[in-house]
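I have placed the structure first, in the form of structure tokens, so that the comments after it can refer back to it.
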Amino acid sequence: MAVDPLIELHGVNKHFGELHVLRDIDLTVGKGEVVVVIGPSGSGKSTLCRAINRLETVESGTIRLDGRPLPEEGRALARLRADVGMVFQSFNLFAHKTVLQNVSLAQIKVRKHAREAADSRSLELLDRVGLAAQAPKYPAQLSGGQQQRVAIARALAMEPKALLFDEPTSALDPEMINEVLEVMRQLARDGMTMVVVTHEMGFARSAANRVVFMDDGRIVEDRPPEEFFTAPRTERAKDFLSKILKH
Amino acid sequence: MNVLIDNFSLYAEGFLGTLELTVYSSVLALLLGFLMASFRVAPVRSLRVFGTVWVTVLRNTPLTLLFFAVLLGLPRFGVVLPFEVFAVLALGCYTSAFICEALRSGINTVPTGQGEAARSLGMTFTQTLNLVVLPQAFRSVIPPVGSTLIALAKNSAIAGAFSVTELLGTYKTLSELGYNIVWTFVWIAVGYLIITFAISALFNALEKKWGVAR
């Protein structure tokens with residue numbers, strides 16, 4: 001893997017005030033790869049994920065997507081973001097739009113597709129995440145798991161080169177987590193390039209090509225999931241795994 | 001009652017003057033307020049600074065002083081316009097500062113995640129603002145914008161002091177004609193009430209149709 005890099009970070013640093021949240025991050029994600037980022041809270045994993053499409057700016061280092069450096073604010077950045085989908089912890093569906101409009105909006109306004117074409121593609125995608133029947137409803141009428149699946153369909157509607165997941169199941173009731181993870185597993189099987197920040201170790205084991213373990217703003221380990229979970233190299237990772245895998 | 005019937009055309013002229021000032025200034029204030037609110041949340045620093053200065057200067061200047069500045073100041077720079085237009089400029093710019101802040105408070109009620117989601121889909125700043133943030137902000141700014149426009153209707157009385165025809169100014173003529181000052185003012189007050197109640201009714205209707213569902 002990683003022969004054909006899609007996302008490349010080199011020497012990336014970022015501070016939040018005094019806090020050094022990203023320290024000399026080097027990370028390469030190849031086309032079709034699924035990289036799961038785990039670590040204790042405050043370790044910088046969400047910031048890393050958000051830096052990839054510049055929702056967080058970085059102070060030093062380079063971030064490249066498909067070989068091109070991340071542009072500054074403006075139209076070029078908007079174009080690039082259209083190619084990198086993002087799924088958030090709090091879903092962030094547009095509250096004033098129906099489910100169908102949520103999925104169609106950017107296709108029409110950013111990709112300039114005709115409304116009919118956009119809507120029919122949206123329905124296809126909603127069907128794929130099992131929610132075609134909910135198309136005319138508003139986000140507030142759906143459960144958390146359903147909202148998150150709509151958010152995934154909305155990101156997919158842009159035909160992205162890669163998808164970023166920022167703790168997609170952390171705000172969900174336990175029984176809804178699986179319906180979202182199942183959609184994500186299917187995407188992984190279909191060859192989508194994915195960076196997933198999560199606490200779902202089961203997903204990391206079953207779907208990831210690599211597990212990246214972060215602590216205190218650094219990437220501490222970056223290895224295939226079986227190796228990482230059975231024989232972590234660092235004390236910090238051993239300690240982390242012993243705490244979360246016990247119960 | 002006599003004062004109204006005897007001088008109906010004078011009252012009507014004043015009423016229409018106030019109505020015109022209110023409508024034109026409101027349109028100007030809404031447009032400028034919208035523009036300034038966009039500036040104040042823009043990703044470009046110079047626009048944010050411009051918006052902040054605009055609001056700070058206009059919100060902290062007494063309206064009467066602003067009228068003097070516009071009516072006496074602009075002609076010195078060769079800008080000569082009818083007094084009515086100057087009055088609309090002064091009232092509109094002054095009120096736009098308050099509209100801007102009302103809109104901005106509405107923008108702040110929209111969770112930041114909505115804007116992030118829009119940007120992550122590749123929308124530009126303008127698209128994010130117009131398609132996602134402002135439609136949701138709009139629902140919560142209806143009441144404060146209504147209040148601001150009512151204040152504008154009443155502030156228009158200041159224009160009377162600068163020889164613009166408006167409702168309050170009619171009292172001068174009427175008291176010279178020897179009419180009872182109390183009744184003169186009662187009918188003036190009724191005229192203002194008609195305008196302010198109309199604004200209230202409009203914004204109540206808007207709130208019923210678009211307001212946040214509870």
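Just so you know, the numbers here start at 1 and follow the chain as drawn.
Heads up, the Cβ atoms here are built off N, Cα and C, so glycines get one too.
For B:15-203, the entry in TrEMBL reads domain 'ABC transmembrane type-1'.
If you look up TrEMBL, you'll see B:23-42 (among others) marked as transmembrane segment. Here the transmembrane segment (B:23-42) has Cβ contacts under 8 Å with residues 48, 50-52, 54-55, 87-89, 91-104, 107, 125, 129, 145, 148-149, 152, 156 of the same chain, all six or more residues outside its ends.
The annotation transmembrane segment is assigned in TrEMBL to B:49-74 (among others). Note on the transmembrane segment (B:49-74): residues 36-40, 42, 80-81, 83, 86-87, 89-91, 93-94, 96-98, 100-101, 155, 158-159, 161-162 of its chain, located 6 or more positions outside it, place their CB under 8 angstroms from a CB of the stretch.
Taken from TrEMBL, the feature transmembrane segment covers B:80-100 (among others). For the transmembrane segment (B:80-100), same-chain residues at least 6 beyond its ends with a Cβ under 8 Å from one of its own Cβ atoms are 20-21, 24-34, 36-37, 40, 51, 54-55, 57-59, 61, 63, 66-67, 69-71, 74, 145, 148-149, 151-152, 155-156, 159, 162-165.
Look at TrEMBL and you will find B:181-206 (among others) tagged as transmembrane segment.
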